[in-house]
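Working notes for the structure below.
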């Protein structure tokens, strides 16, 4: 899932841009080292014990959300199936039954002559009729995964496309939730929406255990997608609004660490709980405990200031300052008086398509679409590779994301954005091509897995860096619009993901070649954009005079 590094409060107030924390300030600098800090940082500091505790707690909200995104890797795993044996042939070995009754596929079964026995089939004396019937009952290979949604509702043969439909519906919910999540969070506050959506998420997770039909399951997944991404958005926004300076980027990137850990947890639990309802229940319980955080988590003081709720902001800031052992509360009232927003011009969508921004918007549409296809194409289709044990492969490909996330922090500070994103996307494309070439020539699973590890490592790094780069390419006043527009492109890619492996019907190598081509093309398009890390120039809107946009003394990260 992608996280917007742009936070836009209501239209009449300031806009908070976490990615702008990437400045010359070092994490170890105290709040007194800078004279241009916003009110919140002046009072509680850029980072302290209070922020450490809160950001750690907020990062935990990514776990249940990632659980529900990754679950279908096991709960919707396609396995070998065959038309069920009749009772009088239950003693017949499976191989004999399949070879005799289903010479074409498991969707049709040979008409059995009267009096046929298991012995006659085994000694090749059973008559063979050329008449076939449509199969209506199947058995499934449960050696790797147990009961899945496919086996429970027989999503095979003419119903096979319904498996993809379930995930398309979920990802549509994710796309819609990504757009609505920011608006809801800005309108009603971070904390209320975070806890409210967590309650909804936990309730839906339990409800999914009770569904009795495929239609009910799809409807629950639709709402689950919308709710889950809203939880992620609210938790992410709140965590980066509690810190300042360079810690904004560090806190934002650290929110990605639960993702690979969640993939590993799902993989391990699936080995112990192979049946999808048991696995769903086990992964639904942790989210319920997060509801207790209501008594600990604060509302974002920056959001409170932006909507004029000064008294509530004062209480939160006083508690945080005392916890951080800050002794500058004497000036609190004076600083709060200064926290008023200034906006010279209201943003509109047309600004994205004027002057130099037209090129940036168009390029970012392509890059986000390509990156999403590559990242989620590898992540959600691990089972399609058939590389031995699904659980082991899943864990290995999850582990490589951890160093990718960790290395993204120094890369963002030292190497810029454009060249690292270009390199990681091209490397991902080359790794995908290499995996296909080795699958033809070497046919060694571990060689192929190694190629996929390289590709996953590279595109996971892109997934961290691209949101920051996107936010910095737009002027403050329309930055949230720009990032939001990019997420539309990402949402379209998400809808395509479940159908990506359908290309294998044309050619078995086509899905990976498609991922490689899109990843490489996206990397090439990145070179058409300017880098932003050392940019000193004032960002002006095309065909517009300079204005202070959404700058406010409450939070200077938008400038």
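Just so you know, glycine gets a Cβ as well, placed from its N, Cα and C.
Remember, it's a predicted structure, so these values are computed and weren't measured experimentally.
Taken from TrEMBL, the feature compositional bias 'Polar residues' applies to 1-10.
TrEMBL lists 23-35 with the feature compositional bias 'Basic and acidic residues'.
Mean pLDDT, taken over the domain 'Major facilitator superfamily (MFS) profile' (116-534), works out to 84 on the 0 to 100 scale. Sequence annotations record features per position, and here TrEMBL assigns domain 'Major facilitator superfamily (MFS) profile' to 116-534.
The region 'Disordered' feature in TrEMBL is assigned to 1-35.
Annotation comment: TrEMBL describes 52-71 (among others) as transmembrane segment. Sequence-distant contacts of the transmembrane segment (52-71), counting only residues of its own chain at least 6 positions beyond either end whose CB sits under 8 Å from a CB of the stretch, comprise 1, 170, 174, 194, 198, 201-202, 205, 224, 228-229, 231-232, 235-236, 238-239, 242-243, 251, 254-259, 261-263, 265-266, 276, 279-280, 283-284, 286-287, 290, 293, 296-298, 379-380.
Feature annotation from TrEMBL assigns transmembrane segment to 168-186 (among others).
The list of residues near the transmembrane segment (193-212) in space but at least 6 beyond its ends in sequence, with Cβ under 8 angstroms from a Cβ of it, reads 61, 64-65, 68, 181, 184-185, 220-221, 223-224, 227-228, 230-231, 234-235, 238, 277, 280-281, 283-284, 287-288, 290-291, 293-294, 297. For 193-212 (among others), the entry in TrEMBL reads transmembrane segment.
Residues 1, 3-5, 7, 16, 18, 21, 54-55, 58-59, 61-62, 64-65, 68-69, 165-167, 169-174, 176-178, 180-182, 184-185, 190-191, 193-194, 197-198, 200-201, 204-205, 207-208, 211, 248, 251-252, 255, 297, 300 of the same chain, all 6+ positions outside the transmembrane segment (218-240), place their C-beta atoms under 8 angstroms from a C-beta of that stretch. What TrEMBL records for 218-240 (among others) is transmembrane segment.
The transmembrane segment annotation in TrEMBL covers 247-273 (among others).
According to TrEMBL, the feature transmembrane segment maps to 361-378 (among others). Sequence-distant contacts of the transmembrane segment (361-378) (same chain, six or more residues past either end, CB-CB distance under 8 Å): 2, 352-353, 397, 421, 425, 428-429, 432, 452, 455-456, 459-460, 462-463, 466, 470, 473, 482, 485-487, 489-490, 492-494, 496-497, 500, 511, 514-515, 518-519, 521-523, 525-526, 528-529.
Among residues of the same chain six or more beyond the transmembrane segment (390-412), those with a C-beta under 8 A of the stretch's C-beta atoms are 22, 73-74, 77, 144-145, 249-250, 253, 256-257, 259-261, 263-264, 266-268, 270-271, 378-379, 382-383, 420, 449, 452-453, 456-458, 460-461, 464-465, 468, 533. Among the features that TrEMBL reports, transmembrane segment is placed at 390-412 (among others).
As annotated by TrEMBL, transmembrane segment applies to 419-440 (among others). For the transmembrane segment (419-440), the residues of the chain that approach it from at least six positions outside its boundaries are 367, 370-371, 374, 378, 411-412, 447-448, 451-452, 454-456, 458-459, 461-462, 465-466, 469, 509, 512-513, 515-520, 522-524, 526-527, 531, judged by C-beta separation under 8 angstroms.
Here TrEMBL flags 446-469 (among others) as transmembrane segment.
Look at TrEMBL and you will find 481-501 (among others) tagged as transmembrane segment.
Residues or ranges marked as transmembrane segment by TrEMBL: 513-530 (among others).
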